[in-house]
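One structure, pasted below without further comment.
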Amino acid sequence: MKVLVGLSGGVDSAVAAKLLIDQGYDVTGVTMQLLPKLSGIYKEQTDDIEDAKKVADKLGIKHIVYDMRETFKTEIIDYFVEEYKQGRTPNPCFICNSKIKFGLFLEQALKDGFDKIATGHYAKIEKTEIEGDERFLLRQAEDAQKDQSYFLALLTQEQLSRSIFPLGDFTKEKVRSIAEDAGLINAHRPDSQDICFVPDDDYTRVINALAAGSFKEGKFIDTMGNEIGRHKGLQYYTIGQRRGLAIAMGYPVYVVKKDAKTNTVTVGKDEELFAESLIASRVNIILKKTIDKEIDIEVKTRYRQQKKKAKLIPLKNEEFKPTGKFKVEFIEPEKAVAEGQAAVFYTGDYIIGGGIIESVERLGIL
């Protein structure tokens, strides 16, 4: 079987390639060239491509480069900026996995004669049959600290059926040990912690460089709608933020809502950060073909958080037909839920599906 492995230049993808070689697959390495050449705005990718080439040489496999810069710019970077314009806080990695890393990448791999693709993601794929329907299920990785299934919840059945995650049963420590034993140059390379195209995790720098004219100063308001100050622009704030507000209220205040239509930022007390429910759109269901009635789930609205108990309710239109949107009702109010982020639904360590948080019903906000 011919497998095209995405080599990012990091240790995880390098070990994924090595494991597949050891298992007898016909492996080729590819690096997705994603970042446009705009000096001073985006991160540089040159070193990553060079490191990936060195890894491929060490493993004795061919290395190629897929130039995806144009599509990445329109589908991910432009999306990222537009979401901020709309007052939301996007998760570009969530969209990128669906459209680029397992979308465009898979399409090109199949055109080039490969049977499957593989990456260094920490997650598991399980083939099974549910109610007479063959399904490819997505599960959390063994290493809970490194599990990345949250970012993969938009993957379709076709994408899952054509993908391999060799690291699903490995800890990060074991991966580094394998890389060291194999003499790979990136065995101790630090993990990437931020969005791939954002230097130093400085979102506003990228947004201001690409769309500074789209943002204006506006009003800070309290949860009753009273003006209490002036903000610098919506791009500087995110739900739950406390620092940098420059508001003296006599008690700590946090960003609890952003409204692009009125160009206002609502601030409130800690208890006003909590949400009763959310509406998720662009929902993808993995566990079964459809969900047509309310079910009990666990949900994550941020990557680094514990799963929380909730009800998942499919929404229907006036003709009682599915809208593709779902309501999530938290059993206990959830803190700092942000529009634009990913909501991912779980049962045990299986991913039911996920979508984009479209709206949030917060406690005590007009």
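Yeah, the Cβs are placed from backbone N, Cα and C, and that goes for glycine too.
Feature annotation from Swiss-Prot assigns ATP binding site to Gly6, Leu7, Ser8, Gly9, Gly10, Val11, Asp12, Ser13, Met32, Gly120; the stated evidence is sequence analysis. Look at Swiss-Prot and you will find Cys96 tagged as active site, nucleophile. Annotated disulfide bond per Swiss-Prot: Cys96-Cys196, in sequence order, evidence recorded as sequence analysis. What Swiss-Prot lists as site 'Interaction with tRNA' is His121, Gln341, and the listing cites sequence analysis. The active site, cysteine persulfide intermediate annotation in Swiss-Prot covers Cys196 and is backed by sequence analysis.
Tell me about the surroundings of these features in the structure.
Asp12 (ATP binding site) has a Cβ environment of 26 other Cβ atoms inside 10 Å.
Around Cys96 (active site, nucleophile), a 10 Å sphere centred on its CB holds 26 further CB atoms from the protein chains shown.
Classification of Cys96 (active site, nucleophile) by DSSP places it within a helix.
Every protein chain considered, the tally of other Cβ atoms within 10 Å of the Cβ of His121 (site 'Interaction with tRNA') stands at 27. His121 (site 'Interaction with tRNA') falls within neither a helix nor a strand when secondary structure is assigned with DSSP, and so counts as coil.
For the recorded site, Cys196 (disulfide bond), the DSSP three-state label reads coil.
Gln341 (site 'Interaction with tRNA') falls outside any helix or strand according to DSSP and counts as coil. Sequence-distant neighbours of Gln341 (site 'Interaction with tRNA') (same chain, 6+ apart, CB under 8 A from its CB) are Thr89, Pro90, Asn91, Thr301, Arg302, Ile356, Ile357.
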Cα distance, His121 (site 'Interaction with tRNA') to Cys196 (disulfide bond), nearest Å?
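Here the two Cα atoms are 15 Å apart.
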Between Gly6, Gly10, which of the binding-site residues has the fewest other CB atoms within 10 angstroms in the structure shown?
Gly10
If you measure C-alpha to C-alpha, which of Ser8, Gly10, Asp12 (binding-site residues) come within 10 angstroms of His121 (site 'Interaction with tRNA')?
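Taking Ser8, Gly10, Asp12 one by one, the ones whose Cα falls within 10 Å of His121 (site 'Interaction with tRNA') are Asp12.
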Counting other CB atoms within 10 A of each CB, which of the recorded positions Met32, Cys196 comes out lowest?
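Each of the recorded positions Met32, Cys196 was scored; lowest Cβ tally within 10 Å is Cys196.
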